[in-house]
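Engineer: The structure is given below, and queries will be raised subsequently.
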């Protein structure tokens, strides 16, 4: 088949390639790149450079851009909520009480965002993308209302869980819909656009949370989502018109859902996240209350894989995804990339507060090169993928830069200049940004388009799981290093705070200001600096392992045309009209 055969998604009716025959029930056709058995095709770099294939552009009419804009606005909604709670949480806890249960305010949201991903991915194939997206936004908005009106910690946590179900659905459906609308080679570019808008919400969150809490009430941290969610619902309702799956009975659709597998997955994931949430915050990591949930959870996840591959009739985790070398490798790289990204997100602010002695507000300002710098490079990475059709070189370059950046972070101390810490953060942003929007297209490259939804669900879960460990691992390292070094402090009263395994909570300007003896304060700053240095050293090892792992990827030719049942609805109607005209002419 010719590389440019098939149909393109462009204005006007779709026309089939006259050299090919399409079955009567064909969907939007494509130039499938020789992957009937999920085999992978190495790209000859010299040949690719000599004769680059030009990917046809997706439809860029009003409907297309309206959908992209609506998805970006919806991403802004969920990303804003992910960070706005951080600066408001102390005030919320003071008003509602609840003791140690406050940790479930952020973690309950996160837990809910990932446990339903495989089920929702499978359901999107059976019930279509549009209504699941609308339900996700509505659920998120409902949860925001519950949180805003909460009169107890339990009600607030319940509202956060409802929010999380919606937020997880939003993240998943945005990625799935983008894969439906644009060819594989073009996806990174549009994912970069959506993620850049999402970054605006993530960057504004802490500032808005502090502003609303100080000028009004913490309840507006949640109420602000109501008009945003309502606007998003209206935009999606009118513009998100994508094709529906083939009509079947409700009973038949329900029978094709992997309820047993998803039950195992949900229970196992909850168990793991309970252990992670309690570890080091409520109980020591050595406590059986932490170890037992972790062991049961990881055992359950292994059982889930076995069940999916041996028993499930309609698995939500098909073998083809995990047993494909490149897809599995990219999943591993995605996990490590996410861990590294959140590693820096959570511990660069610690450097500014615990070493440089800055307030949380100014540490937020000083980390702008990191937070805001990633996403312009995400767009650049997507554009380079669309231009050259190659992801492995950018993965290698990106992870190498991340590894180097962690090494440079280890050089930072109290006397480091603004130029040093700003440039080091920006360098990390270049590496992380180049990769962030092209990981999903790389993972889907060797897989058939029929696995788009399920593979997106798996990839989104791996990213979410990486977020957990991107905070947990460096926190455990930092707390342990502080505990070991606290014995050398001259003031044992100060040492008692840092050797309890909760040093992360004391890595603030307020804690430093509470130490009146200058010599002790200098000792504590050096303790924090040394402990952070170890955190960055481990980050170097982790990112270096990720760089080595990338060499297992194969460079698979990226499909430049769509092959989906869920493209723009109007285009499918136009294609059907063309078929009717051709039949009448015949």
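First residue shown is number 1, and so on along the chain.
The backbone N, Cα and C atoms fix where each Cβ goes, and this holds for glycine too.
As the structure is a computational prediction, the values presented were derived from the model and not from experiment.
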Engineer: Looking at 26-46, 131-151, 488-508, which stretch does Swiss-Prot describe as transmembrane segment?
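Structural biologist: Result: 131-151 is the stretch Swiss-Prot calls transmembrane segment.
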Engineer: Can you check which of 511-531, 532-552 Swiss-Prot lists as transmembrane segment?
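Structural biologist: From Swiss-Prot, the annotated transmembrane segment range turns out to be 532-552.
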Engineer: Given the transmembrane segment (192-212), which of the listed stretches 164-184, 220-240, 263-283, 368-388, 532-552 has the most Cβ pairs that are under 8 Å apart from it?
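Structural biologist: Ranked by Cβ pairs under 8 Å, first place goes to 368-388.
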Engineer: State the count of C-beta atoms found within 10 angstroms of the C-beta of residue 324 (N-linked glycosylation site), not counting that atom itself.
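Structural biologist: Excluding its own Cβ, residue 324 (N-linked glycosylation site) sees 25 Cβ atoms within 10 Å.
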Engineer: Of the listed stretches 101-121, 164-184, 220-240, 263-283, 330-350, which one has the most C-beta pairs under 8 A with the transmembrane segment (420-440)?
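Structural biologist: It is 330-350 that shares the most Cβ pairs under 8 Å with the transmembrane segment (420-440).
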